[in-house]
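What TrEMBL says about this protein:
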| type | residues | note |
| --- | --- | --- |
| DOMAIN | 428-685 | domain 'G-protein coupled receptors family 3 profile' |
| DOMAIN | 718-822 | domain 'PH' |
| TRANSMEM | 427-451 | transmembrane segment |
| TRANSMEM | 463-483 | transmembrane segment |
| TRANSMEM | 495-520 | transmembrane segment |
| TRANSMEM | 540-560 | transmembrane segment |
| TRANSMEM | 597-617 | transmembrane segment |
| TRANSMEM | 629-651 | transmembrane segment |
| TRANSMEM | 657-679 | transmembrane segment |
Amino acid sequence: MVDAMALRLRELLDPAAATPVHPALLAPGAVTLAVDDSTSSGNQTANVASAIKSALRLSGGIANSTTNIKTRANSLIGVAYSDPTEAFVSAAQAYSLHVCDGGSTSPVLSDRANYPNFFRVIPNDNKAALAILGLVAGFGWRQVAITSSSDSYGAGLLTSALSYAGNFGITILTTQTFSPGTTDFTSIVDRIVESQATIILHLGAARDLGMILEAAYNGGLAATGAYQWITGDDASYIDMSTYTAAQRSMWSGVWMVYPREGVGPTWDAYSADFLARYINVPDRPVWYTGLETEPPPYSGFYSACIEAYIWAWDAALRYGNATMPQLAANNYTLSVPQSYNFSDRIGVTGNLTLDEDGDRVATYGTWYYNVSDGPAGAYNKFGTYETATLVLSVEKAPVFYTGKMTPVLHDTLQVVKYYQDVKWTSVLGVLTVVVTLVIGVMLVCLAAIVFKHRRNELLKPASPPFLLTNLVGLLCGTLYPLTLLGHPSRASCEAGVILTAAALSLTLGSLLVKIFRLFWILRRQGTRSRHIPLSTSSMFRLLAIGSSYYVVSIIVWLAYDPPQPVWTIQGGGSLDSEVYQSKCRSSSDEMQIVMEAVILGYTGVLGCLGAFFAYVTRQLPIKFRESKPLAHVIFGNLLLICGTLPLIYFVPLPVNVAHVIKCFAAYASVITTACVLYAERCRALWEQLHESRRAFHDNPANKRRRKTSVDELMPDALRPASGHVYVAERQSFVSVWTQRTLILHSDKGFALISGDHISDGLLECRYIPLDQFTISTSTDFAEEIFTLSLVHVDDWVASITMRVLTPEELESWAEAISQSCSAPAQGAPPATLYTCDM
């Protein structure tokens, strides 16, 4: 800066100058430039203490290095920063010295009462704030956020910005101030985001802006491309070559306003002279790189201070207001700002007009940081703002923040909301429809097969009406995924609830009724409760009673507070986008929790009840032994429910993943239930209908009557007759029918009932002296119950009831046993239990 001022001083004192000065000023040594290095502290930054020290030294006199004669300063220049300049000016005022500065911009220095001896050739912060807000208004933005330091520089800019904002109709959404030395700006960035402002004005030092930009980058602001940062001229002081590429990219597209420094032919000549004297020479000073194309920033402003003093002295001498000795002795007082206001003079920075506060009235250039301009990037000028006329002139399209070439369209964050759903036409939607149709057709075909062969001996014991009911429930479960497609609505939510309840009630209910029917029929020795008829219609009434719980629950839910889509924000979005997913819920959380607990709790109770029935009927006759597959179905569905619900309720899943999980649970439940219940039956039915090798099923004579060992051995009285019968035994909490072997020794008049050593290894057998028993039979073709009762003539408790599978077997056994049954003699011992080797 000293080089720039010394060069301008030599140019002004050149006798051949375009505007020559008074001859008295041309005398050798008449005007000299003294520099006090104490103005700078150890880190080369002026502070209050060093400024006061420098002012006292300059005012008291600086010794000449050759003559050692002290010479008092007549005018002062300095010290570039507002806070130390205030102290510098106050100290100089004690010696009646004027101070000019080309860098201090605080509006505090414009106070003529406190700083009557100060003027500056750079606009104060009031004008910088005016230019910043004018730039904002020129691009059509009307809402901003402000970050400002609490020092005099930031406070002055903030005060000015607040006063000018109303003139432009600009609303300040948030003002975030911070103390000098702050390093963590995360909370400030968060509050900017909360304000929804996208145009941020930084009124403070550039080093603080660098840390704010880093916090904004980490907070995701840069990724949106919806923000614009604008600051003052301090940004031009940042040496971007010391920054990393990543740090420089954070500055890409940052705007600044900078007072226009070099204007017109005077600046062009001055700039060329500067390059020729200091840059393009072999012995250039070490602080220049040789790559400069113009004088350093602020060279023109400080050179304008030289111009102001020289022309003020020239005017005083030229108009006879003072003599050179008076000027040298400081016996002539110049006026601020009148003596330094040259509206008719053009210097290196243009017209040297000062306002009534001693501040330069200047045009501001508008600049953006171009990270791609050179190895360290550079600020490129794109327009000017005239503070006198409040006119913005855009010379070329600027680059916006993060390097965008298109302007920020809105001055508040425009949050785009994405409502995620699975569309019917999407790949997942089409796949869902196709799978639903395939499974639905399969279920309809199964229903047709069951209905067509409902009287077949393979299907009839499995209760075809309830198989059909089960298939209807499975079809409801298959249709449930369709309610998940498309944009969620109240109708789709209600349909989902209804289909879920129908699937649970019909599928689980039909399984429970089937297994309960077997349990109730076979739990006693040929008797049954008169209070519970076991006809198909009665069982359907029982199913309706069990299902009514679901029906009533759903009716209450839909009538009182029906589920409807509730959109909740999900993770994975950004500052300018929000991702929403919907869940079907009641408006009241309490209602939702209660209804879900009621339905799921009842389903759990039915599952446990079904598990109990399956366990206690696990040893039923083979023809009726469905406990194992039914247990597999019940437990499989319960596991699916327990595995799916935690994922859906407690894990935040993308909508597509949640859709796949729900569809998988529905389809897996339907397919496994259908396979377990119908695959083996369909295979056996196919073999029965299409394989001629199964002679038993293809020969009508064999279908008419099932032969037993009783028929074959009846002619030979010396050989025992044997066959399988079913006797009620205790299983867990109840009695159920289990398979046993009946051995009849008709020639000896007794029978034995032994365990089925092949299946359960039982070796116990019961001895029955037939002459102590009377025989009776009972048939119920509707329920397929065929029983043979041996009633003890003296002890009813010793009576026994056996069950066979067909009326032919019942007839054979009754005929064989009746030949040995007769009235016993008085005092005959009751039937006893023996252990025999089978």
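Residue 1 is the first one shown; counting continues down the chain.
The backbone N, Cα and C atoms fix where each Cβ goes, and this holds for glycine too.
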Worksheet, complete the sentence: Listed stretches 463-483, 495-520, 597-617, 657-679 vs the transmembrane segment (629-651), most Cβ pairs under 8 Å: range 657-679
Fill in: Distal contacts, the transmembrane segment (540-560) - CB-CB under 8 A, six or more residues away
465-466, 469, 494, 497-498, 501-502, 504-506, 509-510, 512-513, 516, 532, 586, 591, 595, 598-599, 602, 606
Worksheet item: If we call contact 3 or more Cβ pairs under 8 Å (sequence gap 6 or more), are the transmembrane segment (427-451) and the transmembrane segment (597-617) touching?
Response: no
Item to complete: Rank 495-520, 597-617, 657-679 by Cβ pairs under 8 Å to the transmembrane segment (463-483) and hand me the top one.
Response: 495-520
Discussion item. Using Cβ atoms and a strict cutoff of less than 8 Å, what residues sit near the transmembrane segment (657-679) while being 6 or more residues removed from its termini?
Written reply: 422, 428, 432, 435, 439, 442-443, 446, 450, 467, 470-471, 474, 477-478, 480-481, 484, 507, 581, 629-630, 632-633, 636-637, 640-641, 643-644, 647-648
Fill in: Integer average pLDDT (0 to 100) for the domain 'PH' (718-822)
75
